[in-house]
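Structure first, then comments.
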């Protein structure tokens, strides 16, 4: 009970990681929008999962669906911890989509797809794969911690979300509107890096806690194996991608941070299906192989002009699908250890499960995003997108201009013996610092040599009036 609650709370930290990773990967004019979506994701998903999601997933029912415990009615107190942990899973499946539609998604569309995915789309798959009566589990589908139900589903929904909403203005240019291709980059690599490291820590709880208990004989060994394989999967993905980048397979030879981070996350995704049934070398190899898979999907998306700012499709769809294959190849009873009918059957059943999840996610996404687009609620207007969602939708800039302007005043007049200090301070401010207010409302501070610009004079007007009284 306490194990699941503790892991669930730690698992929730992944939402902080998603928020920082996404916020840093978008332009500064959309930072508030990203943070707002990630904060509300957990609450919107919790309500949807409480009302209908848990009933569909784990309520008493048949091989297809559960149909008890609507709105939590009748849930035994002993299942409360399980409800909480699974609710965070549902929220994760929904929040993956946020990165694929970033910087142009209408907020009402975000509310709708978060509620629908966590309450209606994700729960039936968990019923099929993780309950004793679920038809995929009865068939022979095995998935330890959500390669299919969480990551593959989230990646499929992300793909169709990006397709239906279209690319950001200027991402690929537009010959009809005479727009040239624009190099759109995120505004803060350090913020994305912090988010990535938080996600890596959260992944350990995500995978380690999926066993559901730690009191049964042997549980502690499974948990340790899963956590170690999760780290090694990320290691394999990041090291191979680092080498590919430096060797020039990703453009100019360099130690690319963003590609390396995403490959590490894809590597950790790739061990979700069989992390409890892999040797340490298998975890590393699984992550290493997913790096070129991630890279291929990344460039395929660009070639097809599908705009995915966070590479959600490449990380989660690519990593999730390969993870199901990897578990069948490198598991202790997998094909690598000896080809047999049983090992081939496991691979076949996982591929069948992957096909069902892709089909279910595709149909649900087409209906959901198609209706939102039909009613004009999926994407913001061109004016709102160009202005930035922080101002146009939230009226709350992530980096308000007032917070970056040099204060146009000095402290109260010092004593007469400190007037020399005042003179030198005023001289330093006037002659050594220039504050430039750009059209996009950002501030840059840079040193200049002996030149007083009009912008500086405007900012220091009040200061001059104050100092003249001293």
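Placement of Cβ uses the backbone N, Cα and C atoms for every residue, glycine included.
Annotated features, as they stand in TrEMBL:
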TRANSMEM  6-26  transmembrane segment
DOMAIN    9-399  domain 'Ammonium transporter AmtB-like'
TRANSMEM  83-101  transmembrane segment
TRANSMEM  108-130  transmembrane segment
TRANSMEM  150-167  transmembrane segment
TRANSMEM  188-206  transmembrane segment
TRANSMEM  226-245  transmembrane segment
TRANSMEM  252-273  transmembrane segment
TRANSMEM  279-301  transmembrane segment
TRANSMEM  313-335  transmembrane segment
TRANSMEM  347-372  transmembrane segment
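By the Cβ criterion (under 8 Å, sequence separation of 6 or more), the transmembrane segment (108-130) is not in contact with the transmembrane segment (279-301), since fewer than 3 such pairs are found. Per-residue pLDDT, averaged across the domain 'Ammonium transporter AmtB-like' (9-399), gives 93.
Tertiary neighbourhood of the transmembrane segment (252-273): same-chain residues 25, 142-148, 150-151, 189, 192-193, 196, 199-200, 203, 206-207, 226, 229-238, 240-242, 245-246, 283, 286-291, 293-295, 298, 311, 314-316, 318-320, 322-324, 326-327, 350, selected by CB-CB distance under 8 Å and a gap of 6+ residues from either end.
Sequence-distant contacts of the transmembrane segment (313-335), counting only residues of its own chain at least 6 positions beyond either end whose CB sits under 8 Å from a CB of the stretch, comprise 96, 100, 142-144, 147-148, 150-156, 158-159, 162, 262, 265-274, 277-279, 282, 285-286, 289-290, 293-298, 301, 306, 342-344, 346-347, 350-351, 353-354. With a threshold of 8 Å between CB atoms, the same-chain residues lying at least 6 positions outside the transmembrane segment (279-301) that come near it are 162, 228-241, 244, 249-250, 259, 262-264, 266-271, 307-308, 311, 313-315, 317-319, 322-323, 326, 330-332, 336.
Note on the transmembrane segment (150-167): residues 89, 92-94, 96-97, 99-101, 104-105, 113, 117, 121-122, 125, 269, 272, 301, 305-308, 312-313, 315-321, 323-324, 354, 357-358, 360-362, 364-366, 369-370, 372-373, 378-379 of its chain, located 6 or more positions outside it, place their CB under 8 angstroms from a CB of the stretch.
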